[in-house]
């Protein structure tokens, strides 16, 4: 009552505003601070079914000031919570927590009631009936098979166990699939399954009824029921077995029949339902064919909003039953044989319900109030009053209180009369219990509406000005306007109960300041608010109905007028929904454009213009026509160009579009010609959308304009339109000044001022000139100026060297000058610096790095812009005691800016250097500083020039090396490290220190036939340098002493090239390495075969024969060591042989060649016969004579197991000598000859394996000697002779 505005706000539209909600919160906050009797805020339901597996929670929450205390009754007697260890009460709450672990929930069943008490009264909760959920087991039963004749009706009873609450029934099969139900087969409300008539396909053995208990979430099933539906053809064969030869069916099947009701039975029945509950009535009929069910209410219609039909129209369901639902309902079952009716009389009773529930009453002292408790029901409920939980008849008498039926009247209340009253309305179907308190308060007025609040409304709408207040007694609200003394009154004003002032149909004159005043007996308060009346938003240009062809563009325009102080937002809808996300739809400030319209764009488009106070909307429909299959070309040029609204700097150009030839015009391009400055040249001025035919053009002065327009569609550009008439703009002063103004000198005593001149279009008039002004910055106050024309620079002479100047260049013509130009800073010319840096010092930081420092020169001596310092340095000599033969060129490093130090990298150790420093400006370098010398300390030496292994023996190796070319100091010696190498395993590392003048060392007592790895490094006082490494094997070498495994550190190959000849490819190279085993290797490109190789020792070119024409080969030259390991290789060359120009003739198929071969073969045969005859005569052969002449002791007659021989025996003509071997080519080589191998090779480069065996091959002369001096005891065969001939 004290916050009466809260209730009224909630009943009106303005309670939805944030203001209403905030006021409610403020009032509630103030109310919570006041003394208050208890109020029940939360409680459990009247009928509370609990899960026996979970703890019981009985809720009771209340509020009050001070905080209420809680107590409980159980079954009408006091329930002492503290005496039951299983029961606890939440702190600050009346909610009970009952722990049922180890207990049965049914022990706590009963009727509970909560009481909340503080010093101002006691509030009661409802009676809460606590019951445990029950899901009893199905009673055991044995279901006999059901045999039924086809066409007969059937009822399968479920009879589930009674549970609390009742279970949910459904029928399924063994596979947990619900049985199909329809008009013929359906489940009744009690769970039974009804068949209106049976079919043979209804036969099955798994009709199972399931019961699901909601609270415990358990499911129980009935024993399966077997149903056998028998047809007349099978009945005589099966009936005896099922019925023990008794009770056979008759001879005729169950035929068609009229419907009859199975549920409910009889012609009529009655049903009672409580108001607000759900009414369900069912009618299930049997018959053949299956009957259909219809419903109607006698003397009335069914309320479709609350009525529905279930179970295939067999159940009528009405929710939220009212007294109007009472009456007579008729259900009808019918098929083509007839129909049957059943009448259900429905009676509606009502548990008590509120007509006007009692409300809390807040009074100030001496006030009067009434608490009303109006309830009704059927039958009419009895009203009982209680005070603080005690029957009011048993309470002490209070003269200020009077009970009058359903009302309590209070008069002349006093402070301290606060109490909680309970109203109980009950009849046989239930009860209602309501708590309402009376609170006696005395509070002065408080205004809750924010001060100086501004209300904005639209003209001719209602304005609501709030004045929410709080106080006891209830404050009286009065409104005033603009400081007037008289309160507002009249038809235009309405004062609401909550203090809000409503002004109907406001006008502009209603704007102003309004004052509300709240007054009661304890004081008054006032508050000011402001009202602003705005103009309404109206759409002036509405979108129009459009009919367009597919693929064209369409524009909907929507222009609105609104109050200038409000911001508008335009929104477009399509068919009352948001526009789809499509880049073809472009929303402009006052339009909607749809490009390339499709059939899907058809619909109603709505333009909505919103402000914060109001909105307006308008709609138009778009119809899209199909696209005709026509050919599209470029559009025709626009025509009828017209210039209107001509002004000095603008003009409006309009035109008429040409035919678009079935391709919508996307845009128009407007071009212009300046006949005064650039005659004959057309330039683009602007573009406008294809839906526009007007353009506002911004122009420049002093231009002779001629305009033309081009149209553009999807196909291309139209031809230009006929030019418009000429439009000449008047001359004017320039609008801009030259850009890119700069100042710099090219001599030490001048200043060149340059700029980018204006174009004729920018000049704005005739007589374009430039006023060039300059003055020395911070020295001269007055400007020196000169006016020039047709130039872009001006030279100022006689200036000081490199001083700053302020520069300006202004454009002017015959009609005036351009605006004031901005000032640019420039500098006069530079001159070479006059001073050299002083205090040059060098700090050597390492053997290769030094830092140089100097003092900066005075800026006045730079005479220009300081760019930096150049440091020149060079090496004078090495510190080994001799001068450098060739002086290296000077190197220079530039250090930008005003630096005073820099570092010199890349120096050579143990050397003497010199340097000087020079300052650099834009003109050049200044004089050099005094020369400074410095020396770099020693560094570690470089790599030895070479490392070779020579003179290998069984147990020793000799190493030879060259001193490093870069000693970087004084050599103090060498360090030799070596260790055995067996595959990947390394032996113990040994180290030897050698003298600095030593270049060879022999290592003794090494292991036989063992590979060693050597590393040799040179030393200076600075440390040890990088090491050269070699590997070698201890072997027996009876040949000449030669380097072994020499691997120079410089490139081994050079000048590698290739060329192609008719008989193959020639590869040339230069080789500087010590290894003599050189090979040419080649392979077909992209082939996965092994490389082919040819030995080429001692050569620098080689012809590769046998290559195929038209093929590409990869070729390389390699050097290998004694272990056949490649130590050097050239880069691979790609050699391609050309294809044969013409088909070659196969010589083997020519007749002359075949004849020649036959003659040669015959001649050889004759010679062989002659030789054979002579040998049989015991004569000596020339070979034998040659052997005798040589008298080689190695082939003198020797003893043999079979005797002695001194010359060839007849019996051994076809046997090789002992100790000899016959190669596959038919020649015989003697193993133990004293002939020098040099005679068969090239020079003395004969090669051996590590075990000393010969691995060389004859080449060149070797083949010739073999042919001439074959020392074989075997007669040459015809094949060998042929090979020798060829």
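Cβ atoms here come from the backbone N, Cα and C positions, even for glycine.
Note that the structure is predicted; figures quoted are calculated from it, not measured.
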Range among 1130-1151, 1152-1173, 1174-1195, 1196-1217 that TrEMBL annotates as transmembrane segment: 1152-1173
TrEMBL annotation of region 'Disordered' - which of the ranges 723-745, 746-768, 769-791, 792-814 it falls on: 723-745
Same-chain residues near the region 'Disordered' (723-745), Cβ under 8 Å, at least 6 residues beyond its ends: 641-643, 646, 648-649, 651, 653, 673, 675-676, 699-708, 751-758, 762-766, 768, 770, 774, 792, 799, 802, 805, 807-819, 821, 824-830
Interface-richest range of 38-125, 259-347, 352-439, 836-939, 1047-1139 toward the domain 'Ig-like' (445-532), CB pairs under 8 Å: 352-439
Contact check, the domain 'Ig-like' (352-439) vs the domain 'Fibronectin type-III' (1047-1139), 3+ Cβ pairs under 8 Å, seq sep 6+: no
Candidates 136-226, 259-347, 536-623, 943-1039, 1047-1139; stretch with most C-beta pairs under 8 Å toward the domain 'Ig-like' (38-125): 136-226
Tally of DSSP helical, extended and coil residues in the domain 'Ig-like' (536-623): 3 helix, 47 strand, 38 coil
Mean per-residue pLDDT computed across the domain 'Fibronectin type-III' (836-939): 89
